[in-house]
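Only one structure is covered here, and it is reproduced in the block below.
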Amino acid sequence: MDKLLIEGNGPLSGEIRVSGAKNAALPIMCAALLTPEPFTLHNVPNLQDVRTMLKLLRQMGVEGTQDGHDVTLDAAAIDAPEAPYDLVKTMRASILVLGPLLARFGHARVSLPGGCGIGARPVDQHIKGLQQMGAEIVIEHGYIEAKLADGAKRLHGARIVTDMVTVTGTENLLMAAVLADGETVLENAAREPEVTDLANLLVKMGARIDGIGTDRLVVQGVEALRGAEHTVIADRIEAGTFLCAVAAAGGDVTLRGVPPGILDAVLDKLREAGVTLTMGDDWIRVQMHGRPKAVSFRTSEYPAFPTDMQAQFMMLNCIAEGAALVTETIFENRFMHVQELNRLGANIITEGNTAAVTGVEQLSGATVMATDLRASASLVIAGLVAQGETLVDRIYHLDRGYDCIEDKLSAVGAKIRRIQG
């Protein structure tokens with residue numbers, strides 16, 4: 001099992017190009033199932049989850065290739081509209097094939113999902129919405145079995161109000177709705193930039209969607225969609241991770257290929273912490289000297305502070321002047337990094353969904369274990385500032401969501417290298 005060996009060595013300097021967003025690329029790849037025509041994507045990150053999704057689509061009969069950051073997909077000949085457990089268990093986004101398969105082929109069999117162990121993240125909102133659109137769904141032996149009602153040729157439009165804001169639920173129902181008969185209204189829809197990117201791609205394919213970027217999406221179903229070419233948006237969480245790394249280690253780094261507008265909540269908190277930020281249309285320059293100030297924050301749905309940045313920003317508070325409260329409202333069980341950060345000398349106490357962080361002047365290197373994707377990133381940042389060497393174990397979590405993180409950090413002066421396991 002691979003590990004990362006990191007030596008804390010002071011400020012970072014240079015440029016980093018931000019990769020495409022995994023959380024946009026995966027649903028967009030699933031959208032290829034909606035059309036028999038070819039489909040080309042650019043700026044796709046080179047990640048394990050992308051490779052897993054490609055493998056899943058190929059298993060269904062999709063012709064798919066990846067060349068660097070370009071992916072081509074052709075779903076003209078689907079012979080197995082099924083997502084088996086052995087692939088779905090490693091990646092929750094596999095559930096996103098359910099809506100497209102049901103909409104285009106009228107039936108689907110999808111294993112209940114796996115992925116990071118950071119809470120239940122149920123799929124009941126997906127199922128409830130599809131049932132309102134006329135799907136008959138049963139769950140047997142760990143699989144979601146979905147089909148159209150007897151005699152129905154298509155899903156039908158419906159007004160769907162989800163009980164909570166759900167990103168993958170919005171994406172699944174949106175992809176189902178674009179081929180449904182009639183009008184579908186998605187109330188309480190997720191507004192994340194990745195959802196907007198998917199919606200913009202669907203419009204290129206011929207979908208009729210109003211309200212893109214709002215919490216109310218109105219979809220007029222069409223009979224067929226065409227192929228498309230699309231460039232995936234920048235990964236705002238990767239960008240935020242590098243911003244926190246520079247804020248912690250100090251230095252002067254420019255991030256390229258990322259529009260600042262998708263990161264407003266994180267940028268506001270970084271300014272509160274004392275970070276100097278300058279920016280243009282698709283770049284952000286981050287400058288930091290001295291210790292950050294402790295900043296309290298609360299995670300919530302976009303456009304508020306993202307749960308996927310909670311661990312990284314908590315790490316910044318670990319070495320800050322003062323104390324701060326971190327409140328996690330999206331997922332239960334998302335403080336698994338706390339124990340590992342405390343092993344490095346951090347002072348964090350948790351109670352329920354809140355962590356009280358008191359900043360310390362210095363962390364000390366140690367062997368730590370990654371428990372999920374974003375927890376892994378917080379441990380890498382900790383290693384950049386800790387005295388001595390830090391060994392981060394189980395970094396397969398990191399490889400699921402970060403494209404060459406050690407190479408990008410090395411290029412700006414970090415002492416970090418992968419040890420093959």
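One is the number of the first residue shown, and numbering goes on along the chain from there.
Placement of Cβ uses the backbone N, Cα and C atoms for every residue, glycine included.
What Swiss-Prot annotates here:
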ACT_SITE  Cys116  active site, proton donor
BINDING   Lys22, Asn23  phosphoenolpyruvate binding site
BINDING   Arg92, Arg121, Pro122, Val123, Asp124, Gln125, Asp308, Ile330  UDP-N-acetyl-alpha-D-glucosamine binding site
MOD_RES   Cys116  2-(S-cysteinyl)pyruvic acid O-phosphothioketal
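Structure coloured by features recorded in Swiss-Prot.
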| residue | record | Cβ contacts under 8 Å, 6 or more apart |
| --- | --- | --- |
| Lys22 | phosphoenolpyruvate binding site | Pro45, Leu47, Asp49, Val50, Asp235, Arg400, Gly401 |
| Asn23 | phosphoenolpyruvate binding site | Ala93, Val167, Glu192, Glu194, Asp235, Ile237 |
| Pro122 | UDP-N-acetyl-alpha-D-glucosamine binding site | none |
| Val123 | UDP-N-acetyl-alpha-D-glucosamine binding site | Ile95, Leu112, Pro113, Ile144, Thr168, Gly169 |
| Asp124 | UDP-N-acetyl-alpha-D-glucosamine binding site | none |
| Gln125 | UDP-N-acetyl-alpha-D-glucosamine binding site | Thr162, Asp163, Met164, Thr166, Gly169 |
| Asp308 | UDP-N-acetyl-alpha-D-glucosamine binding site | Ile237, Gly240, Arg374 |
| Ile330 | UDP-N-acetyl-alpha-D-glucosamine binding site | Thr299, Ser300, Glu301, Thr307 |
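For the recorded site, Pro122 (UDP-N-acetyl-alpha-D-glucosamine binding site), the DSSP three-state label reads coil.
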